[in-house]
Amino acid sequence: MHEASIALSLIEVAREVVRENGGGRVTALTVRIGQWSSVVPEALQAAFPASAQGTPLEGARLSIVRVAGVGQCPQHGPVTLELTRGLRCPLCDAPTPTLLAGDELELDELELAPFVPASELFRHMPKFTEEEFAAREAVMAESREIAQEREFRFDSSEDDLEEENP
């Protein structure tokens, strides 16, 4: 099954594009496969997840766009070829030895997960002055004392549990 090696090649090309654009994780990619390319789309779909494991493409969605074969007929110009007829014009049955489209295998699109710097992840968190922080600590200490008086524990270890429940 040469689709596994094709999947690995697509992943390598995608990784290079990601590196050139500052890194990130790929969430989706679109591949254009010509009907005359000898690539079996279903086999590529099946090979992709295993090939992507451990790479920035792991978990990415693979979309495949099939491209019809287009040949150059000497009498009719560009014509859409039918696989069952071979490289022959569907209108006049003339040989169409020149394939204009349909043999491609192209990485068409990459969708990257947005990169969020760590500083942005915590931006929404409130910022406290020293006085506000001290007041919050005092409230927490008071809450701990009340809980201890009521025999509740915030941080009990296994030893505490054994002593409380002999």
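Even glycines carry a Cβ here, placed using N, Cα and C.
Feature annotation from TrEMBL assigns Ni(2+) binding site to His2. His2 (Ni(2+) binding site) counts 12 other C-beta atoms within 10 Å of its own C-beta, drawing on all protein chains shown. Annotation note: His2 (Ni(2+) binding site) sits in a coil segment as assigned by DSSP.
The Cβ neighbour count for Cys73 (Zn(2+) binding site), using a 10 Å radius over every protein chain in view, is 19. Positions annotated as Zn(2+) binding site by TrEMBL: Cys73, His76, Cys89, Cys92.
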Cys92 (Zn(2+) binding site): secondary structure state under DSSP, collapsed to three categories: coil
Alpha-carbon distance [Cys89 (Zn(2+) binding site); His2 (Ni(2+) binding site)] in Å: 30
Which same-chain residues, if any, lie at least 6 apart from Cys92 (Zn(2+) binding site) yet have Cβ under 8 Å of it: Cys73, Gln75, His76
Any further residue of that chain within 8 Å (Cβ to the Cβ centroid of Cys73, His76, Cys89, Cys92) of the recorded Zn(2+) site: Pro74, Gln75, Gly77, Val79, Pro90, Leu91, Asp93, Ala94, Thr96
Sparsest-packed of the listed binding-site residues (His76, Cys89) - C-beta count within 10 angstroms: His76
